[in-house]
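The ATP binding site annotation in Swiss-Prot covers Gln10, Pro11, Ser12, Gly18, Asn19, Gly145, Glu146, Asp147, Val184, Lys193, Met194, Ser195, Lys196, Ser197, and the record cites sequence analysis as its basis. Sequence annotations record features per position, and here Swiss-Prot assigns L-tryptophan binding site to Asp133. The motif ''HIGH' region' annotation in Swiss-Prot covers 11-19. Residues annotated as motif ''KMSKS' region' in Swiss-Prot: 193-197.
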Amino acid sequence: MKKVIFSGIQPSGQLTLGNYIGALKQFGQFQDEYECFYCIVDEHAITVPQDRLKLREQTRSLAALYLAVGLDPEKATLFIQSEVAAHAQAAWILQCNVYIGELERMTQFKDKSDGKAGVSAGLLTYPPLMAADILLYQTNLVPVGEDQKQHIELTRDLAERFNKKHADIFTMPEVFIPKQGARVMSLQDPTKKMSKSDANLKNAIFLLDPPATIRKKIKSAVTDSSGIIEYNKEEKPGVSNLLTIYSVITGETIANIEEKYVGKGYGDFKTDLAELVVAELEQIQERYYAYLESEELDNILDAGAEKAARVANKTLKKMENGVGLGRKRRK
C-alpha cells in the first residue's frame, strides 16, 4: 500500500521559482511512488482580506500551474479546499481540541499579526484547519519548507491528543523536506527566502515572468566581489543561491558546476543560468496557458474534489463519532 502525501498551497500571489524548486518540481516525481493529494487551500487565503474575483482567478491559475509542472490527474488528486466541505467541518472539531496558548505561540501568527490593529480570528485558528487538511487523508508525509515545521508539529500533537482522548483514528504525519532546493533565497537579499509576497519584484523570479524579465533579474542578482564561483552559504550567500538553482534545474552536482566555471566570471555564469531558467519556465508557461481556460481543467478539478471528498468524509465521520456529534439512528 502506497504512503500518502498531502500538500497545500495558497492561491495568493504569483508562484515563484522558489515555490517550483522547493515543492512543485517534486510533485511530478512523487506521484509515481505515493498516493498524492494536492490541495489549493483557498480557505486559508481568506484569513487575510482578499478580493473575491482575484482570489478565484488565482485559484484557477494555480490549478493550471500544478498541471503545467507535470502533475498527472490520473496518478494524483488535485482539488480546491473549499469544494470539499469536510475540511471546514473537521477544522472545527480540531479547533475544539486545541488550546489558545498553542495557537498564540505559532511563529506565523506572531509575524502576520505584529503591529496590526485588526487581526481576524481566522489567522489565529489557521493551524487547526491546516491540521484538518492533513489528517483527513491519513497522511504519512507532508512536503513543507522549514518555516512550516512548527505547524506540522502542532498537527502531530492534535492527532495524538485526539487519538488518546476520543478515538484512535489518525495517522501521525511526518515532515518531508527535500534535501536540496527546499529553500531558494531572494535574488537581492540572499539571507531571506524568495517570497511571492515580497514588495520588491526584483527579489523573485515568478513562474509566469517573460524571458526578458527573467534574464534581467538573474543578471542583477546580488553576488560578491571575489568573482569566484563556489558554494559557501555563509560567506557567499548570493552565489550559493544561484548555484543551488542551477543544480536543481539541471540535476548536476554543485561540485561539477563549480568545476565547470573555474576561471570564468559571474557574467558567464549568470548568462548561462538565465538561459537554463528561461528554457525551463517557457515549457511550463506553454502548458499553463493551454490549461488555463480549458474545460479539461474544470473536469480535472471536479473529479479531484469528488475523490478527495470520498476519502475525507470517511475520516470526518469517524471524528464525529469520536466526539459524539450527530445522532445514533434507531431502527
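Each Cβ is built from the backbone N, Cα and C atoms, and glycine gets one as well.
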### Nearest-integer angstrom distance between the alpha carbons (Cα) of Met194 (ATP binding site) and Asp133 (L-tryptophan binding site)
25
### Task
Would you mind reading off the Cα separation of the residue listed as 'L-tryptophan binding site' from Glu146 (ATP binding site), to the nearest angstrom?
19
### Query
Which residues of the same chain, at least 6 past either end of the motif ''KMSKS' region' (193-197), have a Cβ under 8 Å from a Cβ in it?
12-19, 145, 147, 183-187, 203-206
### Secondary structure at Glu146 (ATP binding site), reduced by DSSP to three states
helix
### Query
Which bits of the chain, at least 6 residues beyond where the motif ''HIGH' region' (11-19) starts or stops, bring a Cβ under 8 A of a Cβ in it?
40-42, 45, 50, 55, 58-59, 61-62, 65, 183-185, 193-197, 204-208, 245, 277, 281
### Task
Starting from each candidate's C-beta and looking 10 angstroms out, tell me which of the binding-site residues Asp133, Glu146 has the most other C-beta atoms.
Asp133
### Query
How many helix, strand and coil residues does the motif ''HIGH' region' (11-19) contain under DSSP?
3 helix, 1 strand, 5 coil
### Summary
Model confidence over the motif ''HIGH' region' (11-19), as mean pLDDT, sits at 88
### Task
Count the residues of the motif ''KMSKS' region' (193-197) that DSSP assigns to helix (H, G, I), to strand (E, B) and to coil, and report the three numbers in that order.
0 helix, 1 strand, 4 coil
#### Entry: Those binding-site residues listed as Gln10, Ser12, Asn19, and which of them has the most Cβ atoms within 10 Å of its own Cβ
Asn19
### Task
Would you identify the secondary structure of Gln10 (ATP binding site) according to DSSP, in three states?
coil
### Message
Excluding near sequence neighbours, so keeping only residues 6 or more apart in the same chain, what lies with its CB under 8 A of Lys196 (ATP binding site)?
### Response
Ser12, Gly13, Gln14, Leu15, Thr16, Asn19, Ala204, Phe206
### Task
Measure from the Cβ of Met194 (ATP binding site) and count the other Cβ atoms within 10 Å, all protein chains considered.
25
### Summary
In all the protein chains shown, the tally of other Cβ atoms within 10 Å of the Cβ of Val184 (ATP binding site) is 25
